[in-house]
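What follows is a set of notes on a single structure, which appears directly below.
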Amino acid sequence: MVARMTRIEEDWPYDPGSGAPGRDAGAPNASSLSARARAGAAPRATYLDGLNPEQREAVETTEGPVLVLAGAGTGKTRVLTTRIAHLIATGKARPSGILAVTFTNKAAREMKERVAALVGGVAEGMPWLGTFHSISAKILRRHAELVDLTSDFTILGMDDQLRLLKQVIQADGDIDEKRWPARQLAGVIDDWKNRGLEPHRVPKGEAASFAFGKGIALYEQYQERLKTLNAADFGDLLLEALRLFREHPDVLESYQDRFRYMLVDEYQDTNVAQYLWLRLLAQKRANLACVGDDDQSIYGWRGAEVDNILRFEHDFPGAKVVRLERNYRSTGHILAAASHLIAHNEGRLGKTLRTDDEPGEKVILTGAWDSEEEARLIGEEIESLHGKGHNLSQMAVLVRISAQMREIEDRFVQLGLPYRVIGGPRFYERAEIRDALAYLRLVAQPADDLAFERIINTPKRGLGDATVQILHNHSRAARIPLLQAARFLVETDELKPKPRGAIREFVRQIDEWAKAIDALPHAELARRVLDESGYTEMWQRDKSADAQGRLENLKELVRSMEDFPDLAAFLEHVSLVMDVNEGEGEDKVSLMTLHAAKGLEFDTVFLPGWEEGLFPSQRALDESGRAGLEEERRLAHVGLTRARRRLMIWFAANRRIHGMWNATAPSRFIDELPERSVDVREAPAQFSGGGYGGSRFDQIAAPFGSTYSTPGWQRAQANTRAQAEFGASGVGRGRGGFSEPRRGPLVIEGELVAKSTGAPSAFAVGTRVFHVKFGPGSVAAVDGNKLTVDFDKAGRKMVLDSFVEAT
């Protein structure tokens, strides 16, 4: 059968002589195309200027399969764009005969702009430069009828996809939606589609992955519903394109003929479906150039297959491998650290980053007493660098998990350091944190209608808009808070039985938790609220990629409450933190996870939390074994190579986990750094209780001295001296005259003593202080670490001394 094509004139190859659209009839007219390129760009020879020998080889090796192993900062984007320019300028291909695939629309736009800068307006004739999904969508719209769609099919977003999946689950009639939510099914189906599996291709053994074996049947029903709606989700764009190519060889051949040259960016991040898509298109000509870095493959958790790049030479016999190892970003010591660490991975093709620049400053390794001290020291280091003229926008703090951000954000707010969170909202602005805070606000203040509105149906309680509207109507009419209105309405017949029962239970829980405010420690109350409300369970059942991170954030929120005397003080602190204005265009420190940092670079990078269990992640080790460890090591490599001039790695000897202090062992990655490129800032002997005593870095560490005199260090010393007084509790004297580090909170006569036990507040009555929210004021009274301050404009307030700075 001859496939019908929907002809989109502007996308078909054009005859360079006439400018009229038409079908590709063999090799392009080299002289005509070159003339066009020269007419719209600089002289032809200039685009190769400045390339190093390896880059030039990658550009000029145009025939056959080519793998460009491009290490961090080695100029891969320049190689890609120059290669496209070279193909056009030498007349090897028309712009419309080049397929160039990226992973983001932003990257595609930037690539087109760079090509245009090299060869002029000819780049506008590149209709096949885009993402896997955008190019697949274009192909599917041309041949929609061959995959049971029409050319105007709808691409569903996540919300619509979840709504449709929920309908499919409900139609089954025998599935508990709370036990098997639509979001979990969406994750299962997305995984199958990323692997190129249509329903009939899913291994039968995987059927049990959802609803006791119903996963495949639900997948089939979902796909049928999509066809009925003339719709496709994002996974379908690749999956249906694969089906099109497999079932209609003539269509596949037409695109094989069309794409004389193919280029792929970030090849290490491709999943199975994308790999199969490329393999099919490259079968005929094999003029495929893939640019990637196996050492930066960090997205296995969302379907990326590092094996795609590792087996490139096997998949494409005779492939040329070009290694880009000359780094133009980082100093010698930073590159030595990155190369030395990643060399411990077995599953890699191998390369060593190098630079022609000076070695620069050594990588600084710093051990903190605990995670709070870690955040304080990082804040002080940033302040010091800023005071020396370094821009905040050229500093970044990269964490392994988002839960680490809370203490760092709090410290930045206390110091008045402007910051931005890249790749997500600030800690207290995350949806799960706002939900949890809304529960706590309503428990503490029953008149908080905004909190009531946020959580009345979170998690789902089967309340529709009509029920909520009845609550609002009664609240307004009686001029009472929503919770009080709910308490009244459940005793009437104005609500239907099912929603009435759900609201009655909600009101009962709120009242019960409110009574427990004075009876339970506030952190324990928060755990109880999240557990009994079903909110924690909601995320435990959620199988999406970010569910585990949300649970970790909730645990960190509860843990942070232990730093405050009561629930009211904690909620006030959160309000003050959230009230800090980000300020557009301001010079700010960047804060993000290591995953979000890929592709970015900064003069100064801070890497906190390099401890076993946190980094490498214990979850990654448990679930994926050696493969998980190697991906964690690649993530560490990405973090190291974000730094241009200064790199500081931090670990804490104690970190609070699930509300309890735990002694931590420094990450194995620290021992994989080269001694000659690392400067240990503080003596590891102080942290030997955390497992660091056996590290080879003990031999090059200097003992503690008076040279490190930051306020944060002085506070740590004061805490150490204070805790040394409790020798009878099992805390003895350590090396160098310092107390041995505790392995959890101190136990004195059966009671847990927080780390803050130590010297009294450094502030005296009459001291002038500054608060980020209330401004300047004078200390009126001191009670331990609580200050009563007469603020010039805000009046008398009670605050913790850690929230003010002396002026």
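Cβ coordinates are placed from backbone N, Cα and C, and glycine is handled just like the others.
Annotations in TrEMBL come from automatic prediction, not curation.
Given the structure is predicted, the values throughout are model-derived calculations rather than measurements.
The ATP binding site feature in TrEMBL is assigned to ALA70, GLY71, ALA72, GLY73, THR74, GLY75, LYS76, THR77. As annotated by TrEMBL, compositional bias 'Basic and acidic residues' applies to 1-10. Sequence annotations record features per position, and here TrEMBL assigns compositional bias 'Low complexity' to 27-36. The feature domain 'UvrD-like helicase ATP-binding' is assigned by TrEMBL to 49-331. The feature domain 'UvrD-like helicase C-terminal' is assigned by TrEMBL to 332-599. TrEMBL lists 1-36 with the feature region 'Disordered'.
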According to DSSP, does GLY75 (ATP binding site) sit in a helix, a strand, or coil? coil
Mean pLDDT across the domain 'UvrD-like helicase ATP-binding' (49-331), rounded to an integer, is what? 91
Counting other Cβ atoms within 10 Å, pick out the least crowded of the binding-site residues THR74, THR77. THR77
Can you check which residue among the binding-site residues GLY71, GLY75 has the largest number of Cβ atoms within 10 Å of its own? GLY71
List the other residues in this chain whose Cβ sits within 8 Å of the Cβ centroid of the ATP site residues ALA70, GLY71, ALA72, GLY73, THR74, GLY75, LYS76, THR77, in sequence order. VAL79, ASP293, LEU324, ASN327, TYR328
CB contacts under 8 angstroms to LYS76 (ATP binding site), restricted to the same chain and 6+ apart in sequence, sorted by sequence, are VAL68, ALA70, ASP265, VAL291, ASP293, LEU324
Counting every protein chain present, what is the number of Cβ atoms, excluding its own, within 10 Å of the Cβ of ALA72 (ATP binding site)? 23
Neighbour count, 10 Å Cβ-Cβ cut-off, for ALA70 (ATP binding site): what number do you get? 29
Those residues of the chain, 6+ apart, with a Cβ under 8 Å from that of GLY73 (ATP binding site): ASN327, TYR328, ARG329, SER330, LEU353, GLU601, THR641
